Amino acid sequence: MTTTDAPPADPEVGIAALWPLYLGSFFSTSLMALSNTVAPATQAALGATDSELALATAALGAAFASGLVFAGRLGDRIGRRLLFRSGIASIAVACVLVAFAPSVPVLVAARFVLGAAAAVTLPQVLATIQHTFDGAARARAIGWYGASSGFGTIGGLATGGVLVDALGTAGGWRASFLAFAVFAGLGWFGSRRVPETRSNAPGTLDHTGTVLLAVGLFTLIVGLSLGPGRDWSGDVLAVLGLAVVAFTALGVHQWRLERRGGEPVLPPSVLGMPAMRIGLAMVVIFFVGFGAFMFDFALITQRGHGLSVLESGAALLLCCVAFVVGMRLTPRVVGRFGGPRVLAAAALAQAVLLAVMATISFVGPAGRWSWELWFQVPGTVYGVVLALEFGPLLGVVMDAVPKEIAGLTGGLFSTMQQASVAIGVATLGGLLTTIAATSGFDTAFGVVAVINIAGALGFGAAAVVLGRRSRAQGAAQGA
C-alpha cells in the first residue's frame with residue numbers, strides 16, 4: 001500500500017517557510033501536555049469528579065487516534081496544504097470551545113473535537129516534508145519535525161504553568177487554551193506559503209472503519225474513565241459493551257474490505273504479521289505508561305503536595321529537557337549499538353528508575369517540595385531513557401517488516417500511540433485517584449510505578465524478540 005507523490009510544487013521552498021508545519025507537530029504533543037498540566041485547575045473550576053477529569057483528558061487522545069490514518073489518506077487525495085490549513089484552523093476553534101466550556105459534558109465534547117482537529121493536521125506535516133525535500137535538506141527538516149514535537153511537551157507545561165499561576169485556577173486554564181488558539185491562528189495565517197502536495201495514487205478512504213474505530217475507542221475510554229467512580233455500575237458496563245460491539249463490527253468490516261481488495265484503516269493482513277504485533281504491543285506498553293505518568297505527575301504534585309501549576313511544571317522540566325536531549329542523541333547511540341539492544345537496555349534502565357521512584361513515594365520524606373527534589377535525579381535520567389525507548393522503536397519495527405508497508409506502519413504506530421496515551425490516563429490515572437482517596441497520593445503513585453515496572457520488563461523482552469525478527473528480515477531481503 002504505497003503511494004507515489006507528484007513532483008514538488010515548489011522545489012525552491014526553504015525549511016524556514018515550513019514553520020507552520022512545525023507548529024502542527026508542536027501541537028501533537030503540547031495539547032495533551034497542556035491538558036495534563038491544567039487538569040487539577042480544570043477540575044476545581046468545573047467541579048468535576050476524578051472520573052470525569054480522566055474522561056475529559058482522554059477524550060482528546062481517543063479522537064486523535066481514530067482519525068490519523070483516514071486523515072493521512074484524505075490529504076493524499078485532496079491536497080495536504082488544504083487539509084493542514086483546515087485542521088489547524090479547527091484547532092484554533094476547538095481551543096476556544098474548550099476555553100469557554102461551562103460544564104464537564106461540554107468540555108469532553110470540545111476536547112474530542114480538538115483531538116479530531118489535531119488528527120487532521122498532523123499527518124500532513126511529515127508527508128509534506130517528505131515530498132518537498134530530498135537528501136540532507138530532508139534530514140534537517142525531519143530533525144526539526146522531531147525537535148518541535150519534543151518541545152511541545154515543554155510548551156504545554158510552560159503555557160499552563162505560567163498562565164494558571166498568573167491568573168489563578170478559575171481563569172488560568174481557560175487562558176491557556178485561548179493562547180493555543182492564538183498560536184493555531186498564526187499557524188493558519190503563515191501556512192499560505194506551504195506548498196500544496198498530493199499523491200498521484202492516493203489510497204481509498206475507509207469511512208465505515210474510521211467511524212467504528214472512533215466509536216470503539218471513545219466508548220472504551222468513557223467506560224474505563226467512569227467505571228471506578230461509579231463502582232462499575234450497569235450504565236458503565238453498557239458503555240463498555242457498546243465498545244465490544246463496535247470493535248467486533250470493526251474487525252468484521254476490516255476483514256471483508258481487505259478480502260474485496262479495498263484498503264481498510266487497520267488492515268488485518270498487516271496486523272497479523274508477527275513483527276507488527278510485537279511492535280504495536282510495545283507501543284501500547286510504552287504509551288499507556290507514558291500517558292499515565294504525565295497525568296499522574298500533575299495530580300501528585302498539585303493535589304497531593306500542594307504545588308501550583310507553575311511549580312508542578314518546573315518540577316518536571318528537567319525530565320522534559322532530558323527527553324529532548326535524548327532524542328537528539330538517539331541516532332548516535334542506535335548507530336553504535338543497534339536499535340534492539342538500545343531498546344532492551346533502556347527498558348531495563350526504566351524498570352530500575354521506576355523502582356527508585358516507587359521507593360521515594362513509599363518511604364520518602366514528607367513536606368512540600370521534598371518528593372519533587374528527590375525526584376530530580378532519577379527523573380532527569382528517566383527523560384533520557386524514555387527518549388532511548390521512543391526514538392528507535394518505529395525504525396526497529398520497520399526493519400522487521402516488508403518495505404512495502406513502511407508508510408502504513410507509521411500510520412498504525414501513530415494511531416496506537418495516541419490511543420494508548422488516552423487509555424493510560426483512563427486506567428492507570430483512574431487507579432491513582434482511587435488509591436489516593438484512601439492511602440494518599442504518594443502511595444498511589446508508588447503503586448502505579450510498580451505496575452509500570454512490569455510493563456518496562458515486558459517492553460524489554462519484546463525488544464529482544466523483535467531484534468531477532470529484524471535480523472531475520474534483513475537476511476531475507478539481502479538474499
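Just so it is clear, glycine is given a Cβ too, placed from its N, Cα and C backbone atoms.
TrEMBL annotations:
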| type | residues | note |
| --- | --- | --- |
| DOMAIN | 17-470 | domain 'Major facilitator superfamily (MFS) profile' |
| TRANSMEM | 12-33 | transmembrane segment |
| TRANSMEM | 53-70 | transmembrane segment |
| TRANSMEM | 82-102 | transmembrane segment |
| TRANSMEM | 108-129 | transmembrane segment |
| TRANSMEM | 141-164 | transmembrane segment |
| TRANSMEM | 170-189 | transmembrane segment |
| TRANSMEM | 210-230 | transmembrane segment |
| TRANSMEM | 236-257 | transmembrane segment |
| TRANSMEM | 312-330 | transmembrane segment |
| TRANSMEM | 342-363 | transmembrane segment |
| TRANSMEM | 419-438 | transmembrane segment |
| TRANSMEM | 444-466 | transmembrane segment |
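Cβ atoms under 8 Å from those of the transmembrane segment (342-363) belong to residues 282, 330, 333-334, 371, 374-375, 378-379, 381-382, 385-386, 388-389, 392-393, 396, 442-443, 445-447, 449-450, 452-453, 456-457, 459-460, 463-464, 466-467 of the same chain, restricted to positions at least 6 beyond its ends.
Between the transmembrane segment (82-102) and the transmembrane segment (236-257), the number of CB pairs under 8 angstroms, six or more residues apart, is fewer than three, so the stretches are not in contact. Taking residue pairs at least 6 apart in sequence, the transmembrane segment (444-466) and the transmembrane segment (53-70) share fewer than three C-beta contacts under 8 angstroms.
The transmembrane segment (141-164) is not in contact with the transmembrane segment (236-257), judged by fewer than 3 CB-CB distances under 8 Å for residue pairs 6 or more apart in sequence. Sequence-distant contacts of the transmembrane segment (444-466), counting only residues of its own chain at least 6 positions beyond either end whose CB sits under 8 Å from a CB of the stretch, comprise 275, 278-279, 281-282, 285-286, 288-289, 292-293, 296, 300, 304, 340, 343-348, 350-351, 354-355, 357-362, 389, 396-397, 400, 428, 431-436. Touching of the transmembrane segment (210-230) and the transmembrane segment (312-330) is ruled out by the presence of fewer than three CB pairs under 8 A, sequence neighbours closer than 6 excluded. Only residues 6 or more beyond the boundaries of the transmembrane segment (170-189), in the same chain, are considered here, and those with a CB under 8 A from a CB of the stretch are 20, 23-24, 27, 30-31, 34, 38, 41-42, 45, 85, 88-89, 91-93, 95-96, 98-100, 159-160, 163-164, 309.
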